[in-house]
């Protein structure tokens, strides 16, 4: 029997502080719960949306019930007895970090049980010898930033000076990351990508998970904005991924939409499609669901929940984007084929109501839909790897080293 898997990952969509949140300074974080609370109390009203958070299709897959199991609290405005069509669980992260790469790798069978390298100093964040080597190897004459920063704020603060000098802007965050912002037209995309490649080679021995190209456009601080030509340079996964097993054992197609290919350093990816906005990500995902052949795994990362709303602590924007996604989810459900397995999940939290601008250590929702799957609670997962192990079971692949299968199909041999 030919099968397909569709994974929709809502980047940063946590459902409540996990039991180890205190170790990360994240007690009280709850991305979904705090957005729902703000909406219910009319604190997230805008020209685009008003009132309680309305996510009927996500609720039908078990989102609210998953959050209830994780936190003992139903998100405000959610149904206690929705018309349930999906099977649901919630998962804690086994990996040592709360970043994008750790979450994604873990769910495909490669939890990060080592410590990434970090730049912990808020100012003068990068070692001088590293900066000197980057300058020597790339021939840049100087740099700006060298600090922890919000990506949107630092281009406002330093973008005009960058245009005067063409010095790239270097910055980091609480994640294992080295980010480089330049003007896409004045500095040039090819020059930015070449700079990032050199920086990645220099930083890889320090276990810095990613170097990220962050191009922007505009003439002054009032109109600087980032473009869709972001590119991530990631360390290769340290363990074999589910993707590779699928290709080896079933000659499967692994279709990346959005930044998935970059996150996995292009390991085990057979096709990739870029998209610049939440609408485009939904459009391309729907197109692939309609057209991808059997024996395919379609994997989309919906990055804007994290980059545009979580990190920017924009509760109303996050809520509006969720409601837009939920409306598009109806289209996705309507276009699934007979034997498709749909999975909705996240990679970490990024509570827009929480202090700071960083990710938050939270449980994630794990929601499944398949015509032969009984709507039910599937339990608490001790690792995101249960997602990959469940996919391996569904596709008839060799088991992963981590995780347990959550699925039990009606009439499956």
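Placed from the backbone N, Cα and C atoms, the Cβ positions cover glycine too.
Model, not experiment: these values are computed from the prediction.
Counting only same-chain residues six or more apart in sequence, the Cβ atoms lying under 8 angstroms from the Cβ of residue 347 (Mn(2+) 1 binding site) belong to 9, 11, 12, 100, 103, 104, 107, 301, 364, 384. Per Swiss-Prot, Mn(2+) 1 binding site is recorded for 11, 347, 348, and the stated evidence type is sequence analysis.
The 10 Å shell around the Cβ of residue 359 (Mn(2+) 2 binding site) contains 31 further Cβ atoms across the protein chains shown. Summarising the annotation, Swiss-Prot assigns Mn(2+) 2 binding site to 306, 311, 359.
The candidate set comprises the binding-site residues 311, 348. Of these, 348 has the most other Cβ atoms within 10 Å. Annotated pair residue 306 (Mn(2+) 2 binding site) and residue 348 (Mn(2+) 1 binding site), C-alpha to C-alpha distance, rounded: 9 Å. Taking the mean position of the Cβ atoms of 11, 347, 348 as the Mn(2+) 1 site, the remaining same-chain residues with a Cβ inside 8 Å of that point are 9, 10, 12, 13, 14, 100, 103, 104, 306, 346, 349, 350, 359, 364. Cβ atoms within 8 Å of the centroid of the Cβ atoms of 306, 311, 359 (the Mn(2+) 2 site) belong to the same-chain residues 11, 12, 307, 310, 348, 350, 357, 358, site residues excluded.
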